């Protein structure tokens, strides 16, 4: 009796296990396979590839920032540069092929005096 009950439990739970394991289950002719859509750029806060350039990050002043542990880049994410670095990052992104609008930061005393 125990073996019969075990067989029924396994038979009922098998589709659930396959679903959680990520194995696609085809159900007839109209089964749809969902694929990952490739994005042209990565949003701020999302993971990026530390081996690629900063063009992978969407915003004009965003760059791929990584933690370095024992010489290896890990936990790379797209981050926004500081006021001091944003303009340089934006200017470097002109090579990415996207239209970038870079506004020079107001850092000097003279600039701050004139622009509030």
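Going from the start of the chain as shown, residues are counted 1 onward.
From the backbone N, Cα and C atoms, a Cβ is placed for every residue, glycine too.
Since this is a predicted model, take the numbers as computed values, not measurements.
Sequence annotations record features per position, and here Swiss-Prot assigns disulfide bond to 41-58, 48-64, 55-90, 57-78, 66-76, 96-102, 106-111. Sequence annotations record features per position, and here Swiss-Prot assigns histidine amide to 115. According to Swiss-Prot, the signal peptide annotation covers 1-19.
Feature map: annotations from Swiss-Prot on the structure.
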| residue | record | DSSP (3 states) |
| --- | --- | --- |
| 48 | disulfide bond | coil |
| 55 | disulfide bond | helix |
| 64 | disulfide bond | strand |
| 78 | disulfide bond | strand |
| 96 | disulfide bond | helix |
| 102 | disulfide bond | coil |
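There are 15 other CB atoms within 10 A of the CB of residue 96 (disulfide bond), with all protein chains counted. On the backbone, the CA of residue 58 (disulfide bond) and the CA of residue 76 (disulfide bond) stand 15 Å apart. Each of the disulfide-bonded residues 48, 66, 106 was assessed for Cβ neighbours inside 10 Å, and the highest tally belongs to 48. Other Cβ atoms within 10 Å of the Cβ of residue 58 (disulfide bond) number 15 in total over all chains. For residue 90 (disulfide bond), the nearest neighbour among the disulfide-bonded residues 64, 102, 106, judged by Cα separation, is 102.
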